[in-house]
């Protein structure tokens, strides 16, 4: 009888071991996976939270050295936390990476992590990344720092410093072996720059300077990068080696004013910018009638473009409404109230909502209520809220869909300890 009991135990153990082995074997069949993450910086604290955008779970909290503005790379593989008060730019690996294979893209999903590489200097300011090259500006330095995203991910501090004549509040745009840099005001470098020039990576000027009085604001869309001036936009393209700059003057039909904040369209080539406190301007650099003004119901707080639904952009206004902009029609297509009013009176850097778009959702931070409002991008209706400790302020989204080939998918990158799917 004891022999029969032992046989049953051995049989049971063997079956359990077999099932366990099957459960941990990698799935070698291709799998379509979608992953989106939100990176949120607190307004007052040196903290960056990472949240799974699809279910609201917190994935990580990173302690940095000061309150941060957040910028992401084009690839989404890296996030840059620019801490002006601390004189440092921290680098974060988003944990989501894509590999282009022509007819499809593979996706790798890992845990987000704070990288060891930091960029340091006096008063870090504007961040620009294009085609895998990063240019970080420092208002208190006479050089901009340029490096590759791949070096950041490897922890390699392979930085090229490009001279910008004098410390000033400007910008650098990286172009392979060149950069476009702002020109400081020769009479008073504390005032806005007066133009832009092309330099090689040794700081030597290439070609003629481009006048751009009151330069402030920059963005890329398609193959064109734009800089805002009091007189119009500087449009930068690169056809062969060195980039070329041309000036697009404001239309004479526009009222007096200029844009000082620009965002570039995704999927369509256009730019959207501020034009006074309660108007925005749409710029199509390919059309003869390049500029269209849109009147807002109240003063603008923040605006973004929709990278998924290319014809839309979103503007949050101080009355607590999110306004959907139809870029093709040049008008507000619909509006929805999402928060209490956030007046633009007071300090320019008071805690006010910021917007990000991830997949089919729109996310609006509500810093005074310690939460993020989630809206469905199709119905344009509020669907849920995500609680975030402190004052969630600056926000960027990273993610997308791709194929996973079995063992390359890190299922441990997102823990669900308190619930099951």
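Keep in mind that glycine also has a Cβ here, set from the backbone N, Cα and C atoms.
The Cβ neighbour count for residue 405 (Zn(2+) 2 binding site), using a 10 Å radius and every protein chain shown, is 15. The Zn(2+) 2 binding site annotation in Swiss-Prot covers 101, 104, 106, 405.
Annotation comment: Swiss-Prot describes 126, 169, 216 as Zn(2+) 1 binding site, evidence class experimental evidence. Annotation for residue 169 (Zn(2+) 1 binding site): same-chain Cβ neighbours under 8 Å, separated by at least 6 residues, are 125, 139, 190, 192, 193, 216.
As annotated by Swiss-Prot, compositional bias 'Basic and acidic residues' applies to 404-421.
Residues or ranges marked as disulfide bond in Swiss-Prot: 212-229. Cβ environment of residue 212 (disulfide bond): 182, 193, 194, 195, 196, 227, 229, 231, 234, 247 lie under 8 Å away, each six or more residues apart in the same chain.
Summarising the annotation, Swiss-Prot assigns region 'Disordered' to 399-421.
Annotation source Swiss-Prot lists motif 'N-terminal Zn(2+)-binding motif' at 408-419. A mean pLDDT of 45 is what the model gives for the motif 'N-terminal Zn(2+)-binding motif' (408-419).
As annotated by Swiss-Prot, signal peptide applies to 1-29, with the evidence given as sequence analysis.
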Exercise. Which one is it: of the binding-site residues 104, 106, 405, whose Cα lies the shortest distance from the Cα of residue 126 (Zn(2+) 1 binding site)?
Worked result: 106
For this session: Taking the recorded Zn(2+) 1 site as 126, 169, 216, identify the other residues of that chain whose CB atom sits within 8 Å of the mean position of the site's CB atoms, giving them in sequence order.
Result: 125, 137, 139, 170, 171, 182, 192, 193, 215, 217, 218
Seminar exercise, completed: The correct three-state DSSP answer for residue 126 (Zn(2+) 1 binding site) is strand
For this session: Please report the number of other Cβ atoms within 10 Å of the Cβ of residue 126 (Zn(2+) 1 binding site).
Result: 22
For this session: May I ask you to report the DSSP-based helix, strand or coil state of residue 212 (disulfide bond)?
Result: coil
Exercise. Other than its own, how many Cβ atoms are within 10 Å of the Cβ belonging to residue 104 (Zn(2+) 2 binding site)?
Worked result: 13
